[in-house]
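S.K.: Sharing a structure here in structure tokens format.
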Amino acid sequence: MIEFDNLTYLHGKPQGTGLLKANPEDFVVVEDLGFEPDGEGEHILVRILKNGCNTRFVADALAKFLKIHSREVSFAGQKDKHAVTEQWLCARVPGKEMPDLSAFQLEGCQVLEYARHKRKLRLGALKGNAFTLVLREVSNRDDVEQRLIDICVKGVPNYFGAQRFGIGGSNLQGALRWAQTNTPVRDRNKRSFWLSAARSALFNQIVAERLKKADVNQVVDGDALQLAGRGSWFVATTEELAELQRRVNDKELMITAALPGSGEWGTQREALAFEQAAVAAETELQALLVREKVEAARRAMLLYPQQLSWNWWDDVTVEIRFWLPAGSFATSVVRELINTTGDYAHIAE
């Protein structure tokens, strides 16, 4: 299995270094649900601003304040502790008057707004996230500038970030140990983390191998293509390759890579043979996903940061702003810009 740091680069390995997250204010994330609260219902959506505390910790504190069980507080996604983040929490408080959430106090956390909502906020139920990052001590401004220009046109690999695999790769190591035994894993969180790490690692490996091709965005027979921003896909046939290539070049269609699991992967013929060969050595992880009935799926191979802009504060400091759809990793963008340094260089979303 290829280590995250050794995955293939789309724009070549960065020539310079830089410091990511010298302080939490250098990494700002604003969650975009893609909808507004209903204004009525048994749930309360709470928009919070936090710094120095993780999402689960804040959710548990909110549950305690509202005198409800912690399982009654949900969120669309985890946000990093070592960053300044805005996100929504959802508390189920049926048949009660609206509590005064302005009285909720927690160090490093502030309630920005709250309103009633009809439905529970479920994991993954967000449109995306807006990022504002500050890279400091940049050693090669010209290289970073050119890479930002290139990313506007060609995007970046849609890799799962290193944080998906746990500190020191612990989640992936757990998956490998589990794959080598038939011992049931009772802990639901461990099951989820380990299976997710296994599937994400296989996806990254497939993308890394595809990026070694001369023309990364060349459609081949049997590729699974999806409309940009959509989840469904269709299979490319030889007769359609020229027209499909035009639509991929126009960013109307995206080439996808497999999230291996049980069932068909989605590709056929040449594309399927390539994907299977890319992860042929990872038989244990593939068998684990099939054994645990994790359904195969697809994910876009490349990621195009939206609304990408940047501003150099000086020759060694740049502020970068962009928006990414849900499930994408800001660190996969930064990775194409600089070789990061700092204690939290890999911890982002």
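Including glycine, each Cβ sits where the backbone N, Cα and C put it.
Pulled from Swiss-Prot, these are the listed features:
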ACT_SITE  Asp80  active site, nucleophile
BINDING   Phe27, Asn129, Phe329  substrate binding site
DOMAIN    155-303  domain 'TRUD'
S.K.: Counting other Cβ atoms within 10 Å of each residue's Cβ, which of the binding-site residues Phe27, Phe329 comes out lowest?
M.R.: Phe329
S.K.: Let's see if you can do this one: DSSP helix, strand and coil counts over the domain 'TRUD' (155-303), in that order.
M.R.: 71 helix, 23 strand, 55 coil
S.K.: Whole-number answer please: how many Å between the C-alpha atoms of Phe27 (substrate binding site) and the residue listed as 'active site, nucleophile'?
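M.R.: Rounded to a whole number, the Cα-Cα distance is 9 Å.
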S.K.: C-alpha of Phe329 (substrate binding site) to C-alpha of Asp80 (active site, nucleophile): distance in Å?
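M.R.: A Cα-Cα distance of 12 Å.
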S.K.: 10 Å Cβ neighbour count around Asp80 (active site, nucleophile)?
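M.R.: So the Cβ neighbour count for Asp80 (active site, nucleophile) comes to 20.
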S.K.: I'm trying to understand the geometry here, so how far is the Cα atom of Asn129 (substrate binding site) from the Cα atom of the residue listed as 'active site, nucleophile', in Å to the nearest whole number?
M.R.: 13
S.K.: Which state, by DSSP, holds Asn129 (substrate binding site): helix, strand or coil?
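M.R.: Assignment for Asn129 (substrate binding site) reads strand.
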S.K.: Please find which two of Phe27, Asn129, Phe329 have the most distant C-alpha atoms, given that the record lists them as binding substrate, and give only that distance in angstrom, rounded to a whole number.
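M.R.: Between the most distant Cα atoms of the substrate site, 13 Å.
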S.K.: Around Asn129 (substrate binding site), how many other C-beta atoms are within 10 angstroms of its C-beta?
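M.R.: A count of 25.
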S.K.: Over the domain 'TRUD' (155-303), what does the predicted model average in pLDDT?
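M.R.: Mean pLDDT across the domain 'TRUD' (155-303) comes out at 93.
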S.K.: Translate the DSSP assignment of Asp80 (active site, nucleophile) into the three-state scheme.
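M.R.: In the DSSP reduction, Asp80 (active site, nucleophile) maps to coil.
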